[in-house]
Amino acid sequence: MNIRSNPDTTRPAVTTGGLPSSKKIYATPAAAPDLRVPLREIILSEGAGEPNLPIYDTSGPYTDPSVTIDVNAGLSRARTQWVKERGGVEEYQGRDVKPEDNGNVGAAHAAKSFTAYHKPLRGIGDAPITQYEFARRGIITKEMIYVAERENLGRKQQLERAEAALADGESFGASVPAFITPEFVRDEIARGRAIIPANINHGELEPMIIGRNFLTKINANIGNSAVTSSVEEEVDKMVWAIRWGADTVMDLSTGRNIHTTREWILRNSPVPIGTVPIYQALEKCEGDPVKLTWELYKDTLIEQCEQGVDYFTIHAGVRLQYIHLTANRVTGIVSRGGSIMAKWCLAHHKESFLYTHFDEICDLMRKYDVSFSLGDGLRPGSIADANDRAQFAELETLGELTKIAWAKGCQVMIEGPGHVPMHKIKINMDKQLKECGEAPFYTLGPLTTDIAPGYDHITSGIGAAMIGWFGCAMLCYVTPKEHLGLPDRNDVKVGVITYKIAAHAADLAKGHPAAQLRDDAVSRARFDFRWQDQFNLGLDPDTAQAFHDETLPKDAHKVAHFCSMCGPKFCSMKITQDVRDYAAGLGDNEKAALYPAGSVGMSISGVIEDGMAQMSAKFRDMGEHLYLDAEKVKESNKALS
């Protein structure tokens, strides 16, 4: 049920209420019985003959009817207590919000501030702070227990099927276990193969994990600009994106009220929030890259660390010596962050301050456990530029920086392209694994062709499914508005659903143990003509039912054994069902007549012909109408039985 509630004019409206025939459930890990790990249970119809299906859920408390949502107050900050219990942190006053943090916006255009204030935490001394440091010391945190329970989707009871799925897939070197334990999570993080993006100041977070040996995740980008959108719209877009399955959200705001927008989003977000700090730093120096300084950038990092941003995209691999490699490209440097740093390097003829101060950036981010998302500022912006020397030179540098960040105790993932034709995708994954020590890969698509403006969610979804199969851990969505404009609410949903399809297809191909459970449930519902179950098991129940209802709108059609594609006469599944039922009900003498010894093909043919004849007679007897009353169909079925 989609309810956009706005009880007063100062509170952003967000979507609450559960999805059709679903309820929020909570799993309790044996290792930490005080934790409540959210799942969504899809409730199947009474005649389904199978249990309800638990699935991964990113929607937070917004779909839990027992929780009262107050966007002004923000979400519960249960995780803050976990951080404090571990020790090694201090609470402090933090920096004051400065006018330039919000673009020096005037009073007439200033957004309403988030009123609740929480003193920030930061790490002190040499005690472990980051999930990587805990993992390296052999310590299992509550976050690790939480994500292990979340990834399993209640499949402990279905290990036999899980092992069969593993055997059937092609994982390209990934090692997904049949059942995920907290120790497995710890080991993957300790090896640098997975991250839990979880700033110690994001107390509202429901922890999740990014790594190729886990479910493939997706990210949704939101954010205002200098010409469009507002704080209210961006908070609503965040809630809307996670409703449909976004595992993380990046706030790429570039206009007014950047700090305020981010605060509202963070205080109301149960998923990790990422940013590109150079965007805000640029706003603080009037949009002129030449005026950027290390001191200004560092202050911006501290500002965002204190707010609770979980991961930063930092384009530290855009080095002065690589910029000339883009000169002969068709589309040059298309990354906004990459172009900002390239201009700074050329204007000052110096090495990037992101590269020269990388050690200091690591020390700062470690104090708050902000994860690195090492940006691909030289990614190809057209398939003509894919896999060129500029792209791979930067990737090699990102590998070097990954090792530095690990040595400093930081969590790291690597960003990737971009625009890459299908036959050049796998080499990107292979090279990233080699150069970056198997750190998680996070790609924008890639887009597999450049000919479809307005449909780039499809061109990129193809590449995303492929690279996800090859081992990419998180896929950044592309909406239909890519290259054309800022996505609205509907574009966000289309982008998220498209990328959920790509991620799920990748998990199926890898042989992820839990992936096919949902596919099989949909298939059984489809074969049994359980229309409502088929809608509700899908990624987008509302759209599925709307498409069905365009041609068969009545409630009676929800039990009809056909759809508008074939009609009642030509439904292959209905005919198959009738053949099965008919053959099962034959007596021995009837079977002998239809199944002569040594003539298996003839016997099957006889059953089919007889079944077809009965269906033909039944159709004529009921008036040869394309659409039939459900009650009459039921009566006819009783007469045949």
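Each Cβ is built from the backbone N, Cα and C atoms, and glycine gets one as well.
Going through Asn221, Asn224, Asn428 against Swiss-Prot, the one listed in the substrate site together with Met250, Tyr279, His315, Ser335, Arg336, Gly337, Asp376, Gly377, Leu378, Arg379, Glu415, Tyr442 turns out to be Asn221. Residue density at Asn221 (substrate binding site): 24 other Cβ atoms are found within 10 A of its Cβ, drawing on all protein chains shown. The Cβ neighbour count for His483 (Zn(2+) binding site), using a 10 Å radius over every protein chain in view, is 13. When the binding-site residues Gly337, Gly377 are compared by the number of other CB atoms within 10 angstroms of each CB, Gly337 has the fewest. Per-site Cβ counts within 10 Å over the binding-site residues Tyr279, Tyr442 peak at Tyr442. Around the Cβ of Ser335 (substrate binding site), a 10 Å sphere holds 25 further Cβ atoms from the protein chains shown.
Sequence-distant contacts of His419 (Zn(2+) binding site), defined by Cβ-Cβ distance under 8 angstroms and a gap of at least six in the same chain, are Arg379, Pro380, Gly381, Ser382, Ile383, Asp385, Ala386, Gly445, Pro446, Leu447, Asp450. Asn221 (substrate binding site) and His483 (Zn(2+) binding site) have their C-alpha atoms 14 Å apart, to the nearest angstrom.
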